[in-house]
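Let me begin by presenting the structure, written as structure tokens, before commenting on it.
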């Protein structure tokens with residue numbers, strides 16, 4: 001499907017050079033274009049495209065893509081909502097080692113409604129809610145046409161903003177709790193960057209399993225408020241980094257057991273603090289590097305404390321033929337969201353206001369909720 | 001047995017304060033002291049003892065220990081040879097988290113000859129060669145009395161200097177090749193500190209399994225000679241650190257496959273070089289920190305390259321009830337040494353010259369072979 005996306009975008013951009021784009025009129029309702037008796041065409045689509053790698057606010061632009069054929073095994077989906085994740089930004093910046101060739105449509109996850117199906121498609125009907133699962137590139141557009149195997153039908157009772165964002169962040173939290181250390185009820189985990197959505201999901205998913213969380217947050221305006229919000233989600237302990245300028249951070253553990261597992265999405269000193277908390281033989285999993293600082297580890301941490309350092313990248317995990325497993329977990333997570341057991345804040349932004357949402361996602365306007373574009 | 005050693009040393013040091021030590025006369029042959037019909041006593045023993053932690057050249061001294069009882073399950077061993085390992089130095093310095101309480105006799109491995117056995121001991125006879133296995137503290141003395149379960153009888157055809165040193169360094173190399181990554185013939189490993197005895201053993205043990213080695217050594221006088229020595233042992237590639245100031249160290253790999261496993265005993269930049277060589281999903285095992293610099297790792301190494309960082313400490317491995325497994329491996333390694341398939345340089349030093357051997361082991365006299373005390 002990546003190849004299809006490329007060819008579509010490629011065609012569109014070639015088209016663009018002839019100034020032959022269909023202009024977008026507000027309120028216009030796209031219609032199903034039928035080219036011939038046997039060919040179903042998608043409506044034309046609006047998409048956020050980047051033609052080169054770089055800062056997303058300078059390399060992305062809104063383009064009109066012409067209709068594409070909905071082949072016999074394809075499903076045409078009218079997107080409902082898609083988030084701007086940090087990984088989307090990194091992908092556009094070109095820092096990811098695996099990336100769709102440019103030009104490409106941005107976005108990697110989202111939720112949409114089936115609009116039309118190819119003649120061989122039986123598993124989907126117009127009106128179904130679907131997500132690309134595993135997620136795949138190109139969700140920042142109004143109509144997406146991909147093979148039916150790409151799509152996963154979901155329960156429409158789940159709030160749309162959770163359906164749009166369930167894979168990249170919540171699934172990362174779930175996998176990291178499952179894949180590295182065998183945790184039991186009564187155990188604890190430690191994490192930095194706890195206010196991130198992954199961090200918030202770790203707190204809630206751990207609590208559902210009876211696992212306590214020790215949460216490290218940055219010192220900044222609003223950290224008291226952040227502490228209360230995390231505690232409301234079920235965090236057992238929340239410390240700002242400055243509180244941890246003590247020789248023995250474990251003295252702050254109270255009755256919590258020393259954690260066997262830690263998560264790091266910050267690097268630098270914040271990663272060292274996670275390591276300090278870990279018990280002998282513990283594992284720290286790095287899944288982000290917000291501070292852009294490396295991780296520094298003493299020799300004795302490895303030899304005498306037997307710490308293990310690992311990494312997690314959802315895209316890599318998903319590439320290992322885990323489609324079925326992935327969809328089962330997504331359904332589990334969506335069920336939790338539907339039942340109010342998994343919560344995080346999102347801000348819905350109309351597609352036309354994409355540049356503002358992007359600025360917020362880039363952190364230009366201070367701390368903001370997860371930006372979710374609605375189409 | 002640790003408790004026994006403590007009590008013996010404790011008694012001796014108490015004795016010392018009364019100036020009642022038996023003086024040592026060169027050439028004197030100790031004799032078996034029989035206190036009563038039913039009590040076998042060891043000969044008096046000379047030992048290198050430390051009463052407090054600190055630099056070994058200031059806290060160790062030669063003392064005379066009085067005879068101790070050889071109880072019914074004990075074996076009294078006349079030590080033949082014992083090495084001064086870096087781990088012995090670290091243990092005396094007090095940097096090890098697990099250490100015998102002071103006062104203590106130095107040394108952790110060695111080979112000796114059975115001198116007398118307790119009335120219930122059937123597995124050993126005077127004249128047998130034995131090593132403490134797993135190794136245990138107190139080998140730097142002329143007579144060691146420990147329970148029979150401590151001792152492992154070995155093949156007398158193995159050169160004495162290998163029998164004395166087979167556990168701490170060669171077994172570390174063997175375990176590290178076995179315990180972390182499933183290696184097959186045709187694979188490769190990368191290591192820094194390749195001139196260390198562990199490094200030399202890695203080269204030879206890997207080669208026996210058809211595994212290639214990429215070896216990193218420091219830039220210093222004699223590095224060309226070191227390169228040739230390592231190549232003679234079977235090293236496939238040897239690079240000094242300055243040769244690796246290139247953007248893509250893997251371009252130097254030639255036809256060797258990218259290594260899935262790396263060993264680090266240096267830290268700092270030398271550890272980063274090992275990480276650079278590793279293939280995606282590779283593991284670096286830290287077992288030493290000669291540069292006293294920490295290990296610094298980029299976030300992307302964990303997320304996109306999926307590297308894992310682990311540690312190895314032989315003492316910890318041995319503490320996991322591995323007595324039988326340990327002895328089988330020791331026999332395997334001693335067989336290789338006997339057959340000339342496992343080689344490294346040692347220097348035999350008479351016990352009376354311990355201070356010189358210690359200075360050499362401490363690096364005061366430049367690069368020196370492994371110092372092995374003979375009794």
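The backbone N, Cα and C atoms fix where each Cβ goes, glycine too.
The model shown is predicted, which means the values in this text are computed figures rather than measured ones.
Its own atom aside, the Cβ of residue A:96 (active site, proton donor) has 17 Cβ atoms within 10 angstroms in the protein chains shown. Residues or ranges marked as active site, proton donor by Swiss-Prot on the basis of similarity to another entry: A:96.
Swiss-Prot lists A:169, A:195-198, A:218-220, A:287-290, A:312-314, A:370 with the feature NADP(+) binding site. Neighbours of residue A:289 (NADP(+) binding site), defined as other CB atoms within 10 A of its CB across all chains, total 21.
Taken from Swiss-Prot, the feature transit peptide covers A:1-37, and the record attributes it to experimental evidence.
Under 8 angstroms separates the C-beta of A:287, A:289 from a C-beta of chain B, among the binding-site residues A:169, A:196, A:219, A:287, A:289, A:314. Residue A:196 (NADP(+) binding site) carries neither a helix nor a strand DSSP state and counts as coil.
A C-beta separation below 8 Å, combined with a sequence spacing of at least six in one chain, links residue A:312 (NADP(+) binding site) to A:172, A:175, A:176, A:179, A:180, A:285, A:286, A:287.
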